[in-house]
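TrEMBL annotations:
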DOMAIN    A:10-103  domain 'Pseudouridine synthase I TruA alpha/beta'
ACT_SITE  A:Asp54  active site, nucleophile
BINDING   A:Tyr112  substrate binding site
DOMAIN    A:145-249  domain 'Pseudouridine synthase I TruA alpha/beta'
Number of protein chains: 2
Amino acid sequence: MSERWLKLTVAYDGTAYAGWQIQPSHPTVQATLMEAWRAITGEQVTLTASGRTDAGVHALGQIVGLRTASKLECARLVQALNAKLPEDVVVTGVESAPNGFHATHDALTKWYRYQIHNSRVRPLMDRRYRWHLPQTLDVRAMQAAADLMVGRHDFACFETTGSERSSTVRTLTRVGVGQGGAAGEKIDFDVEGDGFLYNMVRGITGTLVEVGRGAREPQWVAEVLASRDRRNAGPNAPAHGLVLVEVRYA
Amino acid sequence: MSERWLKLTVAYDGTAYAGWQIQPSHPTVQATLMEAWRAITGEQVTLTASGRTDAGVHALGQIVGLRTASKLECARLVQALNAKLPEDVVVTGVESAPNGFHATHDALTKWYRYQIHNSRVRPLMDRRYRWHLPQTLDVRAMQAAADLMVGRHDFACFETTGSERSSTVRTLTRVGVGQGGAAGEKIDFDVEGDGFLYNMVRGITGTLVEVGRGAREPQWVAEVLASRDRRNAGPNAPAHGLVLVEVRYA
């Protein structure tokens, strides 16, 4: 039987899910996609993803790989999947992938965005997607701190303990601080790199916010990085402000 | 007892509400605000609004008037109300209003926005706030049609029957068609005027969409207006894309 590999681009609102990875007794994005795929093709398929996202984390461009015997055209699969999927999961594209494509192993870079609502008044339409911080944040100080994170560093200071990785060295190509909204209330951290440790972007966010609220000077980030000790960085920001924006492959 | 008038600016996600106006057995924004006010001040207050919004319609700047004996400062009221209100209703401001202020009668202009998601793929984060239209819309044709609506006209063609108004003449100062989003998928109609008939913006939207999808030429709108007959206009767009953005007072 002839098979082929496909690459799905998937967006989801993580609010109602216990994260990407399938688990018993909790709704997950992976199980939801598997079920939609089964309903359309009859196949019980194995899905790879660029990475797990935690409970409550969102995605605009999660990449999912699979191997299928289905002959359905890519455009038809997009339509059929979106017709089966619940309103909080959307497949934005399906395309052919090279033989043996594995969304986790083949990923070259990932881009995460952490979204803050910086206003004394809490957010309304964005309330599921932004962390509400009422105190004024100094955007320039946060960008100065963010600049110190760009490049190849040992990011052990931002890794939540318990994970087992051979190396905690990663390269960040971008740590940008953006500001938007009518009153400058939308503050976004765009973090792009070749790999991320567990809870790394949420740790980076909590650390930048320490600088933004004036509790620390930007230069403090250099000390935190050099210490390689999670206890020296800021607290992890909550999951609901984090979005996996884009993943690149060769 | 000394009393004063206050003007509240209120934002809400209308998804879970049977509209602004209080009614038995259904959650409404008015009842929700009254309950929060009572919890803070002990007062059973009468609330006026710039206008009723229908079930499912949202607001960023609904204006609410009330008369109170409470001595609490405006800034404290904002904080206290937001602490009591559910996450889908936010008070963004409280200020003093002239004696006798009535949010309905004193309103000079209102600005509504109708939000469309124009893409083959359905919306994710915006799904509660945008009408999904998969077919390509011609933005220039819609703007040409919208231009014909600006000014003082009899808008009977956009009034859902059943309402009883003495006059169906209104003045629209702006009917703008905006396009945004990474792929131009966000299309917004900004409609501003001195008053609106029942379902008027939803009728305008449905009519502009007829032009946008090529079923009608822009000039057709002039005929529709002249006919003063609701049956000649496009269908009402669904409630969930409509947002009351701003109301102006003298």
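Every residue, even glycine, has its Cβ placed from backbone N, Cα and C.
Unlike curated records, TrEMBL annotations are generated automatically.
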In the domain 'Pseudouridine synthase I TruA alpha/beta' (A:145-249), how many residues does DSSP put in helix, strand and coil?
33 helix, 34 strand, 38 coil
Please identify which of A:Asp54, A:Tyr112 has the densest Cβ environment, defined as other Cβ atoms within 10 Å, among these recorded positions.
A:Tyr112
I need the CA-to-CA distance for A:Tyr112 (substrate binding site) versus the residue listed as 'active site, nucleophile', whole Å please.
13
Need the DSSP three-state call for A:Asp54 (active site, nucleophile) to compare against my parser.
coil
